[in-house]
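*Asks:* The structure is given below, and queries will be raised subsequently.
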Amino acid sequence: MHVEFPAPAERTEVVSTFRSDGRWSPHTTRSWEFVGLEEGFRGLDSGDWLPSGAHAGENVIVGMLDSGSWPESRSFGDEGLGPVPARWKGVCQGGDSFNASSCNRKVIGARYYLKAYETHHGRLNATNAYRSPRDHDGHGTHTASTVAGRAVPGVAALGGFAAGAASGGAPLARLAIYKVCWPIPGPNPNIENTCFDADMLAAMDDAVGDGVDVMSVSIGSSGKPPRLPDDGIAVGALHAARHGVVVVCSGGNSGPAPATVSNLAPWILTVGASSIDRSFNSPIRLGNGMVIMGQTVTPYQLPANRTYPMVYAAHAVVPGTPANVTNQCLPNSLSPKKVRGKIVVCLRGSGLRVGKGLEVKRAGGAAIVLGNPPMYGSEVPVDAHVLPGTAVSMADVNTILKYINSSANPTAYLERSRTVVDVKPSPVMAQFSSRGPNVLEPSILKPDVTAPGLNILAAWSEASSPTKLDGDNRVVKYNIMSGTSMSCPHVSATAVLLKSAHPDWSAAAIRSAIMTTATANNAEGGPIMNGDGTVAGPMDYGSGHIRPRHALDPGLVYDASFQDYLIFACASGGAQLDHSFPCPASTPRPYELNYPSVAIHGLNRSATVRRTVTNVGQHEARYTVAVVEPAGFSVKVSPTSLAFARTGEKKTFAIRIEATGKRGRRLDRKYPAGSYTWSDGVHVVRSPVVVLVG
């Protein structure tokens with residue numbers, strides 16, 4: 001679809017014209033308790049994990065751009081909620097299986113957007129999705145309940161896994177649903193959705209007019225990120241930021257390769273994904289007596305203590321299977337004669353994880369063991385497979401394959417799985433989480449923060465099975481999902497809580513508070529690690545893991561105005577994003593935007609960066625700076641102390657970054673990282689500093 005607008009000379013409010021492509025897709029409990037544990041608070045029932053008390057967020061409205069919602073979910077009940085905020089101007093748009101009674105004092109509005117989708121794909125097939133705000137997919141219900149779902153006791157995933165109370169981070173906030181994502185026509189349309197620029201822009205425009213305070217957008221570009229003027233989410237988010245709306249987006253699931261993160265505009269809060277301290281342990285007992293610990297949430301079990309023959313998928317494929325995917329258990333690749341009645345070892349890679357289980361079942365296998373290739377390391381997403389099975393790390397699948405290759409008659413049996421908490425270390429960065437640097441503008445560090453996104457339990461659409469596979473007719477009310485789609489709403493809820501506590505703060509101030517109070521340490525005090533065992537850094541997690549309670553009282557914030565963003569866009573590629581504001585003849589360097597992190601690209605011996613902080617703490621405060629220098633560079637902050645006489649006072653300082661000598665090849669393809677931290681003895685205001693070398 002091509003969106004036609006009048007020429008800019010006729011309409012000064014036109015930002016740009018660009019094709020409205022379906023290049024966007026959704027970025028696909030204990031997590032909130034774990035966020036509290038990161039801050040030293042224990043006990044979901046105590047309410048400690050709620051940063052600002054029981055009424056946090058009650059009058060804050062969060063707009064969800066996603067695949068809709070399942071209004072009957074207990075997570076969306078409105079018991080005890082007060083009247084809908086008087087400033088709300090939205091509607092409850094009816095349609096297929098959705099009417100005015102589908103909205104209440106929790107889900108206060110709902111709309112759906114189809115024009116661009118139907119222009120491209122033709123009329124929606126109503127067997128694949130509801131022509132209404134109702135969620136057929138499950139993704140939108142999952143993300144909405146993670147942000148603001150009510151506390152619901154006694155829930156669990158299929159099979160009783162992850163049992164306990166499920167709650168969103170801001171359980172009293174109001175939800176406004178904007179359905180912009182729809183199934184891709186094809187053999188199995190419900191596996192993945194697509195979301196068109198024009199539909200998303202219309203939704204974001206309506207959301208601003210309706211009166212939302214925060215937008216949660218678990219959607220990102222597939223492939224190379226578009227330029228800012230051609231990026232529907234970025235353009236819509238800038239419009240929202242102008243009106244004080246905080247926009248939070250997922251960073252994408254294309255990691256661990258570098259330069260894969262999406263949603264790159266500095267007026268967006270971009271989120272990576274990390275683990276929580278829960279696992280679903282599923283022991284595998286090999287025929288040689290060795291026990292390997294897998295993880296699973298499949299409700300199906302093999303008979304207790306019964307041993308089965310074991311086979312590696314690469315040894316059991318039909319002729320003609322491409323050599324590079326013989327171990328992948330792709331559709332119709334396995335020989336029933338070679339796998340019938342056996343435990344089949346498959347590797348992650350191409351295709352859906354649950355699809356590999358379906359292929360093993362089709363060929364008559366008894367169970368699946370799904371192993372990680374090297375790039376995924378120890379990260380183990382769990383699935384409700386359609387047959388017994390479990391998943392293992394890279395090291396463990398290598399041990400299993402070594403046993404298979406050294407045994408004339410390899411066998412194994414799978415023991416029952418169970419939910420385990422207090423797993424250490426945690427959090428660990430998910431390998432799927434997209435990494436920096438920012439390919440559009442390396443001088444803005446992305447992602448901004450990380451939050452729980454691996455194996456998250458939340459509400460689900462009863463029209464969608466837990467695997468979304470054709471032939472899987474199981475119905476669940478709650479489901480476990482992984483992705484930056486799951487971490488994004490954790491940060492959205494944090495923004496809701498800050499908006500509730502500080503209604504006068506700008507969107508930039510709220511983003512700053514979340515970033516500068518994030519931690520680069522895990523819950524045990526060590527550095528956050530990647531799933532492959534390496535130490536993580538700012539290119540993996542931005543400023544670190546969110547700490548909502550700390551963010552409520554950040555001490556200092558880095559603010560930025562709509563005009564600051566326009567000047568940044570001019571400086572970064574010459575993008576004029578508001579035709580009533582011509583780009584100035586000379587612009588500051590992109591890294592001069594008053595951002596809570598610092599990234600320097602193309603350093604020519606030295607660079608000086610200026611930042612301005614606003615005191616949002618007590619009236620009189622004195623902050624001193626501490627610096628951790630990146631390897632091979634010196635970082636000098638001037639002045640080294642800042643004295644504030646009143647709340648709201650601003651102070652500017654300079655950061656000089658200089659190469660300290662000849663850099664060896666060791667640094668040429670690295671991202672040396674350090675930090676500078678302002679502290680008054682109570683508040684710790686930390687900003688990462690990254691130099692992009694080469």
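Each Cβ is built from the backbone N, Cα and C atoms, and glycine gets one as well.
As listed in TrEMBL for this protein:
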ACT_SITE  ASP66  active site, charge relay system
ACT_SITE  HIS139  active site, charge relay system
ACT_SITE  SER485  active site, charge relay system
DOMAIN    57-522  domain 'Peptidase S8/S53'
DOMAIN    309-400  domain 'PA'
DOMAIN    592-691  domain 'Subtilisin-like protease fibronectin type-III'
*Asks:* Where HIS139 (active site, charge relay system) and ASP66 (active site, charge relay system) are concerned, what is their Cα separation in Å, rounded?
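*Replies:* Rounded to the nearest whole number, the Cα-Cα distance is 7 Å.
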*Asks:* How many other Cβ atoms are found within 10 Å of the Cβ atom of ASP66 (active site, charge relay system), counting all protein chains shown?
*Replies:* 30
*Asks:* Across all the protein chains here, work out how many other Cβ atoms are within 10 Å of the Cβ of HIS139 (active site, charge relay system).
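*Replies:* Around HIS139 (active site, charge relay system), other Cβ atoms within 10 Å: 30.
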*Asks:* Can you count helix, strand and coil residues in the domain 'PA' (309-400) using DSSP?
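*Replies:* Tallying H, G and I as helix, E and B as strand, the rest coil: 30 helix, 20 strand, 42 coil.
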*Asks:* Run through the domain 'Subtilisin-like protease fibronectin type-III' (592-691) and tell me, per DSSP, how many residues are helix, strand and coil.
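*Replies:* The breakdown for the domain 'Subtilisin-like protease fibronectin type-III' (592-691) reads 4 helix, 57 strand, 39 coil.
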*Asks:* Determine, to the nearest whole angstrom, how far the Cα atom of ASP66 (active site, charge relay system) is from the Cα atom of SER485 (active site, charge relay system).
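*Replies:* Given the Cα positions, ASP66 (active site, charge relay system) is 10 Å from SER485 (active site, charge relay system).
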*Asks:* For the domain 'Peptidase S8/S53' (57-522), provide the mean pLDDT of the predicted model.
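*Replies:* Averaged over the domain 'Peptidase S8/S53' (57-522), the predicted model reaches a pLDDT of 94.
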